[in-house]
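Enquirer: As annotated in Swiss-Prot:
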type: BINDING; residues: His104, His106, His169, Asp191; note: Zn(2+) 1 binding site
type: BINDING; residues: Asp108, His109, Asp191, His235; note: Zn(2+) 2 binding site
Amino acid sequence: MTVKKLYFVPAGRCMLDHSSVNSTLTPGELLDLPVWCYLLETEEGPILVDTGMPESAVNNEGLFNGTFVEGQVLPKMTEEDRIVNILKRVGYEPEDLLYIISSHLHFDHAGGNGAFINTPIIVQRAEYEAAQHSEEYLKECILPNLNYKIIEGDYEVVPGVQLLHTPGHTPGHQSLLIETEKSGPVLLTIDASYTKENFENEVPFAGFDSELALSSIKRLKEVVMKEKPIVFFGHDIEQERGCKVFPEYI
């Protein structure tokens, strides 16, 4: 079975210090990076990968003032970038979705999770537990009483949608290998690799455990050798320029 359509859905932008994308650089220059959600249309129903930024980031570039990342992370989010508004533009309401897949629980990937009261939210146990106790996770990204589906390790969500446990950027990060009708296999590294440079040249970037992150990149390289997928990175400005976005699909 394959995924009928894979949509790239823009979900705002984020200014991030370039040293977060390349740890060998001296902090002080901000990059304007894309924030993505991904919509999968499958035989079983629609699946959303990541939910963008939280409502607290709307028109609030100073969201992280007074924190350890002040001046290094500046969200650029409008009302239109709220996940409920994004879904409306693509023809869905929150209750229509079969699953939410949280690649990890950082603010630009899980900020909209609270819009999904009943929809199962698939997240790695290591990520769920880390988010309970670390200041780098916003409360909007780890709300209680949501319908969390806790998994451990690799996991097939539906036929054609495989989660790959790729820790390092965070303790429980997961990437996706998707078999699409139109384009064949597609690998979404998400934040296991921000950019092509991180992936191909193994340039270090921001994360919880740099050695673990490198191990995950090496693992994904093995997947690429075996499956020959199209590879999309988490926040690659160069790749964004040629990316097909909704209503186009791959």
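Here the Cβ of each residue, glycine as well, is placed from N, Cα and C on the backbone.
On a predicted model such as this, the values are computed, not experimentally measured, just so you know.
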Enquirer: How many Å separate the Cα atoms of His235 (Zn(2+) 2 binding site) and Asp191 (Zn(2+) 1 binding site)?
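Expert: Answer for this pair: 8 Å between alpha carbons.
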Enquirer: Round to the nearest Å and give the CA-to-CA distance linking His109 (Zn(2+) 2 binding site) with His169 (Zn(2+) 1 binding site).
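Expert: So the alpha carbons of His109 (Zn(2+) 2 binding site) and His169 (Zn(2+) 1 binding site) sit roughly 13 Å from each other.
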Enquirer: Whose Cβ lies within 8 Å of the mean position of the Cβ atoms of Asp108, His109, Asp191, His235, the Zn(2+) 2 site, other than those residues?
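Expert: Checked against the 8 Å cutoff, the neighbours are Cys14, Val35, Trp36, Asp50, Ser103, His104, His106, Ile190, Tyr194, Gly234.
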Enquirer: Within the same chain, and leaving aside His104, His106, His169, Asp191, name every residue whose CB is within 8 angstroms of the centroid of the CB atoms belonging to the recorded Zn(2+) 1 site, in sequence order.
Expert: Ser103, Leu105, His109, Thr170, His173, Ile190, Ala192, Gly207, Gly234
Enquirer: Relative to the Cβ of Asp108 (Zn(2+) 2 binding site), which residues of the same chain, six or more apart in sequence, are found under 8 Å away?
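Expert: Asp108 (Zn(2+) 2 binding site) has long-range Cβ partners Ala11, Gly12, Cys14, Val35, Gly52, Met53, Pro75.
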Enquirer: Sequence gap of 6 or more, Cβ distance under 8 Å: name the residues on the same chain that satisfy this around His104 (Zn(2+) 1 binding site), in order along the sequence.
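Expert: The list for His104 (Zn(2+) 1 binding site) reads Ala110, Gln124, Glu127, His169, Thr170, Gly172, His173, Gln174, Ile190, Asp191, given in order along the sequence.
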Enquirer: Using Cβ atoms only, which residues of the same chain lie under 8 Å from His106 (Zn(2+) 1 binding site) while being at least 6 residues apart in sequence?
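Expert: Looking at Cβ-Cβ distances below 8 Å from His106 (Zn(2+) 1 binding site), excluding near sequence neighbours, one finds Glu136, Tyr137, Cys141, Thr170, Asp191.
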Enquirer: Using a 10 Å radius around each Cβ and all protein chains in view, which of these binding-site residues has the most neighbours: His109, His169, His235?
Expert: His169
